[in-house]
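**Q** Swiss-Prot feature annotations, pasted as is:
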{"type": "BINDING", "residues": "134, 136, 197", "note": "Fe cation binding site"}
{"type": "COMPBIAS", "residues": "17-28", "note": "compositional bias 'Polar residues'"}
{"type": "COMPBIAS", "residues": "30-40", "note": "compositional bias 'Basic residues'"}
{"type": "REGION", "residues": "1-40", "note": "region 'Disordered'"}
């Protein structure tokens, strides 16, 4: 046994008289470093925080079930804090570039996560890109504009209104405005908040969408696209709107097929990963 070992044994023995565990206390510098390492380990990246919050908010996962107001505000607060870099997107990426092809600009879909209770994704639109008017049956949807300027037009159905045909219904305009990031997260509900909406990119835009529950044909949550016509386009008995209010209403007619001017490509999400 060497001298260093003997001395070390004596030091430990002496310290054990005052330290019941017989352990040599760590110096403060090492303790601080360990605390700092622990703090770093507990930091949760924004997209992971979003995922964890969605699991709580959409725990029910049933069609038409609107989360409590407390849960809605909790998820809204998380989304309001998310920045483009938190999900790995920026305006310089190739799918935000303008192209001259004579066709509608390509919309890029980035899949982050999906289950039967909720989905998280990003829509990337170059300038003039359009997501045509469509619905969200029995869903609650949170949309966060990450960057850019976008025009949003949305409608809600007018309940119990006579219809000119089985595929055409009267709707009231909910939103018809430009939005520029940073701005508040928008929320639509199964029967309110602008359940049918259309996005038109004024500049390159990225929209982070959280949908609960997501589209599902077997569950009856099918995505339907619409044409919108001015109120004066149809004359229906029993439907009367004051002249000055007519611009606030429109007739929405179901489109039989997916819009020809909508081209969406799905690409791999390359931002921070989620741990389930």
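Each residue's number is its place along the chain shown, starting with 1.
Each residue, glycine too, has its Cβ placed from N, Cα and C.
If you look at the structure here, what lies around each of the features I listed?
**A** For residue 136 (Fe cation binding site), the count of additional Cβ atoms within 10 Å of its Cβ stands at 22 [all protein chains shown].
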**Q** Find, for the listed binding-site residues 134, 197, the residue with the lowest Cβ contact count at a 10 Å cut-off, counting only other Cβ atoms.
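**A** Least crowded of the binding-site residues 134, 197, by Cβ count within 10 Å, is 134.
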**Q** Applying the rule Cβ within 8 Å of the centroid of the Cβ atoms of 134, 136, 197, what extra residues of the same chain belong around the Fe cation site?
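**A** What remains near the Cβ centre is 133, 135, 141, 154, 188, 194, 195, 196, 198, 223.
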